[in-house]
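Below is one structure, written out as structure tokens; the observations come after it.
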Amino acid sequence: MRVGLTGGIGAGKSTVSALLAERGAVVIDYDRLARDVVDPGTPALAEIAARFGDGVITADGALDRPALGAIVFGDPQALGDLNAITHPAIRELGAARERAAGPDAIVVHDNPLLVEMRAAASCDVVIVVDVPVDVQVERLMSNRGMSEADARARIAAQASREKRTGAADLVIDNTGPEDELARAVGGLWDELVSRAAARSVPGEG
Ligand code: ATP
């Protein structure tokens with residue numbers, strides 16, 4: 001069963017993923033995939049160099065993220081071109097990891113851009129980890145040392161909270177403390193197991 005997991009920056013996706021993995025889910029981390037697809041020698045990195053020039057490649061053949069970031073920041077056309085190169089590669093790698101997990105696995109696609117990449121529609125279940133913006137800002141400041149302005153700018157660059165929760169089948173509220181989240185994820189896991197069982201009954205999928 002394909003489960004999409006998303007949420008705004010710092011909302012608690014990694015925390016929820018780790019709790020689901022403890023229960024038996026196979027978690028695919030899309031932050032990791034996004035790095036893997038542009039490793040030295042990959043087709044996507046070659047396409048990026050062809051589009052943006054050798055100035056975005058370091059002396060040892062790796063992606064120069066700050067250089068690329070400076071080009072695409074505030075340039076929607078350039079960002080669109082970059083996404084057109086990386087997103088298909090990320091999708092393919094995610095699909096390959098899912099196939100490797102086998103047909104009976106509950107596979108969690110932990111993807112901060114699930115909504116932005118329009119990947120929600122292909123999931124059997126979409127889970128959104130949700131917190132009010134002010135809680136998100138406060139956590140980004142206290143846990144990651146961001147300034148309030150930086151935290152708000154990063155949140156503003158993502159899909160809105162409303163757009164994300166609008167795509168959700170299940171919303172996990174992470175406003176409370178982490179032990180409350182752990183309890184909620186216990187209930188979530190039971191729900192996923194029962195949905196997976198219902199899908200595997202012939203004629204009910
Ligand atoms: P990112 O979008 O940056 O990948 P994320 O959505 O994966 O973030 P986490 O890394 O799970 O979020 O959580 C962000 C930070 O907030 C972590 O330091 C985590 O320990 C902390 N955190 C998560 N849930 C809570 C909570 N309920 N109360 C307080 N802190 C929390």
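The backbone N, Cα and C atoms fix where each Cβ goes, glycine too.
The following features are taken from TrEMBL:
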BINDING   Gly10, Ala11, Gly12, Lys13, Ser14, Thr15  ATP binding site
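For Gly12 (ATP binding site), applying a Cβ distance below 8 Å and a minimum sequence separation of six or more within one chain yields Val129, Val131, Ile172, Asn174, Leu181.
What surrounds the ATP site, by Cβ distance within 8 Å of the Cβ centroid and not counting Gly10, Ala11, Gly12, Lys13, Ser14, Thr15, is the set Gly7, Val16, Val129, Asn174 from the same chain. Around the Cβ of Lys13 (ATP binding site), 27 further Cβ atoms fall within 10 Å across all displayed protein chains.
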